[in-house]
């Protein structure tokens, strides 16, 4: 491949920060919806699965509706990934946030089982399916867009900003549920209170749409289209054949990230209420505080990843959860409130290492012309099988074994696998150009350096297979 120094991408760091805000709103929307659903599962179950008398089974059905929707995420990933690689990242990101806002609003408007019978859970499932389909193109698109718009040397620190949206969305959901449960009686929450957050989610979606319409296309995508007008026509089977190792590493990384993520954000509130017997308000406050602490932690680990490499930060997370998952869950059973808080914080601390590094690292595993679709499909298949099913699996493990520490064993096993895969198969890409692209720089000094060192600028050429 002939090197042309004029193709080195000069990006504006300030504009990159605005990009993080606009894309982070979509993450906030996704996790606001998910957080509200997780916190209101008891009310949703009572409204849509009221004929089921057993509370545990009703809870599992409510989580199952969530898990089934995750099966649509890979389909959304395929559709939006192909569109994103062909027509650009921006068009997908503006579409997905509209669909997410609509599905969230729909859940808040649905009649209950007592009003329309079996149609109630069917419509609930369809709303979750639409949510799953749209989010199939959302997060991978946001990661890709931010990675392609950021200076290479700051990719992880800026990427970690995406998770501010994720955590903020969940915090907003937690605060809203805490406020509602404080001012409304349980009967009022079951009747109409649980619907309020879903209805308000519409405004968050509209705000995100407003910001995203102002985005420009990512400089990497524009540069690649300009320099490679006849982009490689490669199908998914060829992608798997050429890049199976990268796909496998990405798949495993998404597994240990999302099992931990959904364990803490989706399952832990239910665990604290049903197993530990904390009240809903206390649970909401605890989770909210831990999420708030995770925001500066994620930003800190993002900066650290740019300095020492994301691989080492990955290993801090997987190694830490291998050693401390069981201990953290044991602390949750303490009679001391402070000790319970420490147990939750341990889980949140190590989760923040993933929140910091995944957005800036996963897009680097794939070449530009296949990045969106490959990341989107790999990410969503992994999330569908392991992430979205985590609350259901954890609930089933506790019910089946009678051991309240069963979720910790599951988390430990996943962390061990992640630690081994990252140790032996992952190549750190912090500070390097994205595969298939020229470097992204934000100053003339870096631009001049890469102009004089083309092999470092295009380090990926020697391993490209198509």
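Glycine residues also receive a Cβ, built from the backbone N, Cα and C atoms like all the rest.
Predicted, not measured: the structure shown is a model, and the values here were computed from it.
Of the candidate ranges 213-232, 313-332, Swiss-Prot annotates residues 313-332 with the feature transmembrane segment. Looking at 337-354, 355-372, the range annotated in Swiss-Prot as transmembrane segment turns out to be 337-354. Per-stretch counts of Cβ pairs under 8 Å to the transmembrane segment (191-211) identify 20-42 as the leading one among 20-42, 63-83, 247-267, 285-305, 377-397. Counted as Cβ pairs under 8 Å, contacts with the transmembrane segment (337-354) are highest for 247-267 among 91-111, 247-267, 377-397. The stretches the transmembrane segment (91-111) and the transmembrane segment (20-42) meet in space: the count of Cβ pairs below 8 angstroms, excluding pairs fewer than 6 apart in sequence, reaches at least three. Panel annotation: around the transmembrane segment (313-332), residues 253, 256, 260, 271-272, 276, 301, 304-305, 339-340, 342-344, 346-347, 349-351, 353-354, 356-357, 361, 404-405, 407-409, 411-412, 415-416, 418-419, 422-423, 426 of the same chain, lying at least six beyond its termini, place a Cβ under 8 Å from a Cβ of the stretch. Non-local neighbours of the transmembrane segment (405-425) in the same chain are 245, 248-249, 252-253, 255-256, 259-260, 263, 267, 271, 311, 314-315, 317-319, 321-322, 325-326, 328-330, 386, 393-394, 397-398; each lies 6+ residues outside the stretch with a CB under 8 Å from one of its CB atoms. Here the transmembrane segment (377-397) has long-range neighbours at 38, 56, 59-60, 63-64, 66-67, 69-71, 73-74, 76-78, 81, 136, 139-140, 236, 247, 250-252, 254-255, 257-259, 261-263, 266-267, 270-271, 362, 403, 406-407, 409-410, 414, meaning same-chain residues at least 6 beyond its ends whose C-beta is under 8 angstroms from one of its own. Contact between the transmembrane segment (285-305) and the transmembrane segment (164-184) holds: at least three of their C-beta pairs are under 8 Å, each pair 6 or more apart in sequence.
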